[in-house]
Amino acid sequence: MASSTSFPAPGSRSKKPLGKMADWLRQALSKKPKEKPVSQESTPSDAPQPSSPEVHSPPSLSSATSAVSPELPPSYEGATSNNSSGRWRRDYDVCVCHSEEDLAAAQELVAYLEGSSAGLRCFLQLRDAAPGGAIVSELCRALDSSHCRVLLITPGFLSDPWCRYQMLQALSQAPGAEGCTIPLLSGLARAAYPAELRFMYFVDGRGPDHGFRQVKDAVLRCKLCKEG
């Protein structure tokens, strides 16, 4: 007995399920993706960022040197300034060069200079030379240790080879130094004045004080120029 139930034909199936699936796909594709919520642990963009540690460049060599080099204390600066004038200080103010026969006249000149109010310190060879010292060495030491030198030029001075050596040594140790070598012409005419000294003035010893006052003034000027 045949069943009364009838089945639809294959070509007559409903197309509704396929239409619903297509609508679902279109809706899914048209939806925008949801933004993920920002977690509290994440750092907001406007939050202040930690500053990077500053890199200090090393000081330059010049600045480091200036920072290390100490300044001179005032006492040292004063000592330095004193040394600039102290280099001109000498043991004697004047060295008197003379011949043996003029020893009495040289002693008279030394007594005048040392006894004056200036109290000049004089070197007299026979009195102040070191016993046992070489004559030439003592002369050079005396010239080096004196501010200036006085040449007592007399007939005996011109005839003594040793006096000529003293004169040349005095000129060689102070070449061109004005006022350091003081010629005192005594008992001689101007024409007898040594040719080696023609470039400098001499003190005329024919006056009442034998020219001693002029010699003293010249020594004081020389000393003042060197120490001042």
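Glycine too: its Cβ is placed from the backbone N, Cα and C atoms.
Unlike curated records, TrEMBL annotations are generated automatically.
TrEMBL lists 1-85 with the feature region 'Disordered'.
The compositional bias 'Polar residues' feature in TrEMBL is assigned to 39-68.
Look at TrEMBL and you will find 90-219 tagged as domain 'TIR'.
Long-range Cβ contacts of C95 (disulfide bond) within its own chain (separation 6+, distance under 8 Å): C122, F123, A142, L143, S145, S146, C148, R149, V150, A170. TrEMBL lists C95-C140 (among others) with the feature disulfide bond.
If you look up TrEMBL, you'll see C148-C180 (among others) marked as disulfide bond.
Looking only at the domain 'TIR' (90-219), the predicted model's pLDDT averages out at 91.
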